[in-house]
Amino acid sequence: MWEQEIALGITTLSLREFMLACAAVFGVLTFVGTKKSLIDCELEPKSWPLLFGVSGAILSALFVICVIAYQCQHTPVVRPEEHWRNLRVIYHLCLLSLLLMITATDLRNYYILEWTCWLGIVIGIGGAVASGEFQLVHVWIDWNQEQPQLRGPYFPPWLASHQHLHGFVWSLCGIVAGVSLAALTKFISSFILRMPTLGTGDIYLMAMIGAFLGWQPTIIAFAIAPLFALIVGGCVRAVSNRPALPYGPFLALGATATLFTWKWIWMLEVPLAENADRDSIFAVRRFFGDWVSMTVTIGLSVTLFVLLLGMLRFYKSLDLKR
């Protein structure tokens, strides 16, 4: 496995060499970026840059192994050329490094620097356009039209003939999805609770995530972030006196988990009945090709979110009366 050749267009490395190079480069970049970010926030860096730099190196090495050796992002239809697939690893490592920098400042003083997000947005769009093959999933693909052994899923013909335009479109759609989700959440929570649950920095963060991932993975990353908030936030509250944790790190965790498990998320199928046939099996990839189901689900989710916030406001009002 370690001697597997990794083609990068201009050179070829072994998997071991590629992993070590990525760990070293992105470990240093994360260290430098974290230190600059903390200084820009007028904070004493202390040991945080070293901690996050080492974390960046370890995370980079694990990501290379997961993507190259275990093909954690490999799905049908999306099959970039070998050197673009390997360069996509570097592309996504840029995102992971920026997420670590943002996590550091958000944990220290509940603040996300705009320049880190804008830098990520530029790299995200630029890489998508320049390569034409960095997408995890096409901007539109309808698996509901698949006929096993007869024809594959439907996607617009122009995607194959205009790859660089497709790169711009899927990255832009990811930005729109990320901003829309975060802004809608902020607006609803501000209206009902009279206080926002997300800040402006979180909106910039979701825009950056969307630029790298596209709209479908961005929605998934945003959806699983609350799970990390419940698990990690609950553990932190149990062992420390910290009153609240910023939400940015959980959005970053959602994006990271999506990158590491994309193949299994996208190909997930859940039988809804015993001895289920194709029509009674929920498949994530088919869900994202059905506008009606997505619209209904989003509507129900927003309604449930509003009800939960309303209940939270009601219980808080009871506590105030006491």
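A Cβ is built for glycine as well, from the same backbone N, Cα and C atoms used for every other residue.
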Range among 96-118, 119-141 that TrEMBL annotates as transmembrane segment: 119-141
The transmembrane segment (119-141) in contact with the transmembrane segment (50-70), cutoff 8 A, at least 3 CB pairs, sep 6+: no
Spatial neighbours of the transmembrane segment (191-213) far in sequence, C-beta under 8 Å, 6+ residues away: 91-92, 94-95, 98-99, 102, 106, 110-114, 116-118, 120-121, 123-125, 127-128, 136, 171, 173-179, 181-183, 185, 221-222, 247-248, 251-252, 255, 258-259, 306, 309-310, 312-313
Candidates 6-29, 50-70, 165-184, 247-265; stretch with most C-beta pairs under 8 Å toward the transmembrane segment (219-240): 247-265
Distant-in-sequence neighbours of the transmembrane segment (50-70), which means Cβ under 8 A and at least six residues beyond its ends: 1, 4, 6, 15, 18-20, 22-32, 34, 86, 88-89, 92-93, 96-97, 100-101, 103-104, 256, 259-260
